[in-house]
Amino acid sequence: MHPGNVWGGSLDAVDSDRIAAEEEERLRNTTEWDRGAIHSQRSELDETQQGWLLAPQDNWRKKKKKYVNLGCVSVSRTVFLWTVGSIAVLFLVVALPIIIVKSLPRHKSAPPPPDNYTLALHKALQFFDAQKSGKLPKKNKVSWRGDSGTKDGLPDVVGGLVGGYYDGGSNVKFHFPMAFSMTMLSWSLIEYSHKYKAIDEYDHMRDVLKWGTDYLLLTFNNSATRLDHIYTQVGGGLRDSESPDDIYCWQKPEDMSYDRPVLSSTSAADLGAEVSAALAAASIVFTDKPDYAKKLKKGAETLYPFFRSKSRRKRYSDGQPTAQAFYNSTSMFDEFMWAGAWLYYATGNKTYIQFATTPSVPQTAKAFANRPELMVPSWNNKLPGAMLLMTRYRLFLNPGFPYENMLNRYHNATGITMCAYLKQYNVFNRTSGGLMQLNLGKPRPLEYVAHASFLASLFADYLNSTGVPGWYCGPTFVENHVLKDFAQSQIDYILGDNPLKMSYVVGFGKKFPRRVHHRGATIPNDKKRRSCREGLKYRDTKNPNPNNITGAMVGGPNKFDEFHDLRNNYNASEPTLSGNAGLVAALVSLTSSGGQQIDKNTMFNSVPPLYSPTPPPPKAWKP
């Protein structure tokens, strides 16, 4: 029996065969659909695979990117390899050649050829070696010179007066121009030591200077506390002399056998001041030799009360005919200004700058008279040099009160002097060849031109060093290069840029004086001794000198640019110590070797600070 139909509906029997058939049909349809799907997927897969095989080679396989772990960051392996490769290439292209070049032996590039001023300077310094008196050092390179004057001053002068320099073509030692020459050489060394070093003349120059200052220390009792005299010259003579002396005889220094008198003076304020200036200036040069510098300073200061004393205010040449005939001094107050400035720079003692700026000193010297003859620097006129030297103080340190008023006047006077040197103001005549006639057409023009060229060139360097582009000549502003051009034009004339195309410096250029008025250069170096008058035949011959006195600057041409190369014409053909000192100073100021600047500081090494130093802070307070 069957139970009742709880769900409702018919309780009739189901056709089992029909149900089975329907189920079979459903399963068959499902199976066919699955096979189609599978077949479709397989067809698509086959097409993709074919695409892989048929695609270009660089696209047919895509690899997964790889990375390199650098610790702090991960980068693509490709980027990493590119970076490393680039660094390697950069090393090969840049670093490796540098390493190779640095590992090779170094060859310094050749320096530029020296200019004419340098070449002439080498020559000009040799003149001083040819003028040395006394027992010569072994390294003296002038083959035709030997020991001479080894008994000068003996036995009358304690220690003698051996050494120093002969002045020109004679065998006289004039202390006044010799001291001035040493002062000028020191000045050029202080301002341009780097240039002397650049051309390898620094040690030579100092040897030349020391030979002179060693001798000047013998010309007075430098160990005394109070001086009563100073020696003014050794040897001498007059042009009309008829007894054996340095003028009457024509002998080389090594053969001298006549008496050589020593002249002295108890009232030679000008000479005392000049020697003081020379020693003070040299002490600045030799600061690296403290003992010698101290000795020079002591000598310079010992002379100060001597030349300041009113009882000694006479010129050294007064009453001395053999001095008056050649180096007659005409003033002394210009030397006072000159010495005062150098003493101050050497010692820092304000007493000296106060003296140099005392109004009565420049007024007595006529420093502000604006007279052309007082604008010409020389062994006899220190005004232009002294005022430029103190203008330096104002330009670089500007000390102010109480010196400013007088320093300003010195500065203005220096500017006026420089204006007077310029052609457009027609203060001094010029030859048709361009040589300025500072000595008003008188003989020996080159010495004055050389000193003026140095001062002009130096003043331009002072202004350039302070950043001042020029100065005023009245209402007209003049640039510094105009002064340099002036100095160059005058020195170029001396070196051969003149109507005769002739160098007036022996040994420089192809054409130069061959018959220089000079005893030592005139007589053959054959070890034969000539008597007092025997040498006259060498003076009077028309043949060139057997010995070239290399570097000697002769007196020069006349106002018509004419020069006669004759020994007897001593005004034209004789060199002098002070002339060559001016030439050396001008040449070193103009040469481009070592640069164009000056040494601003060495001059002031001993000058004290202008203002009181800041006091130290108080000690820390403690209860």
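Yeah, the Cβs are placed from backbone N, Cα and C, and that goes for glycine too.
Just so it is clear, the model here is predicted, and its values are computed rather than measured.
Positions annotated as topological domain 'Cytoplasmic' by Swiss-Prot: 1-79.
Annotated transmembrane segment per Swiss-Prot: 80-100, in sequence order.
Marked as topological domain 'Extracellular' by Swiss-Prot on the basis of sequence analysis: 101-623.
For Asn116 (N-linked glycosylation site), the same-chain residues lying six or more positions away in sequence with a CB closer than 8 A to its CB are Asp492, Leu495. Under the heading N-linked glycosylation site, Swiss-Prot lists Asn116 (among others).
Look at Swiss-Prot and you will find Asn221 (among others) tagged as N-linked glycosylation site, backed by sequence analysis. The DSSP secondary structure for Asn221 (N-linked glycosylation site) is coil.
Around Asn328 (N-linked glycosylation site), a 10 Å sphere centred on its CB holds 15 further CB atoms from the protein chains shown. DSSP assigns Asn328 (N-linked glycosylation site) to coil in the three-state reduction, placing it in neither a helix nor a strand. Taken from Swiss-Prot, the feature N-linked glycosylation site covers Asn328 (among others).
Long-range neighbours of Asn349 (N-linked glycosylation site) (same chain, six or more residues apart, CB within less than 8 Å of its CB): Leu343. The feature N-linked glycosylation site is assigned by Swiss-Prot to Asn349 (among others).
Annotation comment: Swiss-Prot describes Asn412 (among others) as N-linked glycosylation site, evidence class sequence analysis. On its own chain, Asn412 (N-linked glycosylation site) has no residue at least 6 apart in sequence with a Cβ closer than 8 Å to its own Cβ.
Swiss-Prot lists Asn429 (among others) with the feature N-linked glycosylation site, giving sequence analysis as the kind of evidence. When Cβ atoms from all protein chains are considered, those within 10 Å of Asn429 (N-linked glycosylation site) total 12, not counting its own.
Sequence-distant contacts of Asn464 (N-linked glycosylation site), defined as residues of its own chain at least six apart whose C-beta falls under 8 angstroms from its C-beta, comprise Asn480, Gln596, Gln597. Feature annotation from Swiss-Prot assigns N-linked glycosylation site to Asn464 (among others).
Under the DSSP three-state reduction, His517 (active site) is assigned to coil, being neither helix nor strand. What Swiss-Prot records for His517 (among others) is active site.
In the three-state DSSP scheme, Asn548 (N-linked glycosylation site) is classed as coil. Residues annotated as N-linked glycosylation site in Swiss-Prot: Asn548 (among others).
Residues or ranges marked as active site in Swiss-Prot (evidence: sequence analysis): Asp565 (among others). Non-local neighbourhood of Asp565 (active site): Pro513, Arg514, Arg515, Ser573, each in the same chain, at least six residues away, with C-beta under 8 Å from its C-beta.
When secondary structure is read from DSSP and collapsed to three states, Asn571 (N-linked glycosylation site) falls in the helix class. Every protein chain considered, the tally of other Cβ atoms within 10 Å of the Cβ of Asn571 (N-linked glycosylation site) stands at 14. Feature annotation from Swiss-Prot assigns N-linked glycosylation site to Asn571 (among others); the stated evidence is sequence analysis.
Applying an 8 A CB threshold to same-chain residues 6+ apart, the list for Glu574 (active site) reads Gly168, Gly169, Val516, His517, His518, Val554, Gly555. If you look up Swiss-Prot, you'll see Glu574 (among others) marked as active site.
Between the CA atoms of Asn548 (N-linked glycosylation site) and Asn571 (N-linked glycosylation site) there is a gap of 19 Å, rounded to the nearest whole number. Within 10 Å of the C-beta of His517 (active site) we count 25 further C-beta atoms, all protein chains included. Among the glycosylation sites Asn221, Asn328, Asn429, the residue whose Cα lies closest in space to that of Asn571 (N-linked glycosylation site) is Asn328.
Here the CA atom of Asn429 (N-linked glycosylation site) lies 25 Å from the CA atom of Asn328 (N-linked glycosylation site).
Long-range neighbours of Asn221 (N-linked glycosylation site) (same chain, six or more residues apart, CB within less than 8 Å of its CB): Leu227.
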